[in-house]
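One structure is given here, and the rest of the page talks about it.
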Amino acid sequence: MKRWRNSRVREQAAGYLFILPNFAGYVVFVLTPILFSLYLVFVDWEYLKGFAGIRWVGLDNFRELGNDPKFLHSLKNNVVFTAISVPASMIIGLLLAVLLNKYVYMRNTLRTIIFLPYMASLAAVSVIWSIMYNASSGPINAFLKSIGIAHPPGWLSSPQSALYAIIIMSVWMTIGYTMIIYLAGLQGISKDLYEAADIDGASKLRQLLQITVPMLSPTTFLILITQLIWSFQVFAPVAIMTQGGPIDSTMVLSYHIYLEAFRFYKMGYAAAMSWVLFAIIFVVTIVQWQGQRRWQNHF
C-alpha cells in the first residue's frame, strides 16, 4: 500500500513538472501583462522615465474616453467595418460553400484557390492591395479607365472611399475561411433532407433557406464569433495601407490604441481603451451566445 502511494505521488509530481514550463510561460507572457494592463488603466505612465513616471489618476482615463472625439470616431469606424465586412464575408462564403459542395468541375482546385488568400500574410496582402488601389498606376483604376471611366476613385486617398476599400480587401481575404468552415458544416447535413424536399417540389432557394441555413446555425455562430473578434481587432490593413487616414477616415480602435501608447506615450489611456475594446467584444459575444441558443431552439 505504501509503495503504491509513493508511486502515485511520483506520478503526480512528474505530471506537475511536465506542465510547469507551459504554466510558467502563461504566467510570464499572458497573465502578468493582463494584470499589468489592468493596473495601467488607473495610472498615467510616461514610460520613457521608467517606473518613476507612474502617477495614479484613478478613473480619469475612462473620463477622458468619453470626451475624446477621436475615440468615438474610431469606435464608429469599427462598427461600420464590422457591420459590412462580417455579413459580406459570411454570405459570400456560404454561397461558395454550397456551390463547391456540389459536383463542380475542379472543385478541389477551386477550394484551394479561394482559401489561399486567408493563408497569406496579412501584411503582404495589405501591401499588394495598396499597389492595386494606387490612384495613378494601380491595375484597378487602369481597368476602370479602359472601360471608359475617366475619373476613377482615389481608393485610399479619399476619405469617402478609404474605409470601404479596406473592407473590400478584408472580405476578399476572409471568404476562404468562412467557405471552408461552412463546407465542413455541410458535410454533417443528411442528404435525406434534400431528397425529401425534392420530392415535395421545394426549389433550391427554399432548400437553402429552410434546410441549409437552419442546419448550419452552430457553424454560423462559430464563424460569427471569430469574425467579429477579428474585425474589432483589425490593425495591420489600417497601419499599412492608410495609417488611419485620410483625415482619420480609417482610424479604428486598435490603431488608435497603438498611436496613443507608442507615439504619444499615453500608456494608461491606451490601456483604458484596450479594456473598453475587450468589454465590447465580451458583451457582443455573450449576446450572440444567448441569441444562438434561442436560434437553435427555434429550429
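Every residue number used here counts from 1 along the chain in the order it is shown.
For all residues, glycine too, the Cβ spot is worked out from N, Cα and C.
What TrEMBL says about a protein is an automatic prediction, not a curated fact.
Copied from TrEMBL, the annotated features are:
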DOMAIN    75-288  domain 'ABC transmembrane type-1'
TRANSMEM  16-42  transmembrane segment
TRANSMEM  79-100  transmembrane segment
TRANSMEM  112-132  transmembrane segment
TRANSMEM  162-186  transmembrane segment
TRANSMEM  207-230  transmembrane segment
TRANSMEM  269-289  transmembrane segment
Practice task
Can you tell me which of 79-100, 112-132, 162-186, 207-230 gets the most C-beta pairs within less than 8 Å of the transmembrane segment (269-289)?
Solution key: 207-230
Problem - Region pair the transmembrane segment (207-230) / the transmembrane segment (16-42), three or more CB pairs under 8 Å - result: no
Practice task
Give me the stretch from 16-42, 79-100, 162-186 with the greatest number of Cβ pairs under 8 Å to the transmembrane segment (112-132).
Solution key: 162-186
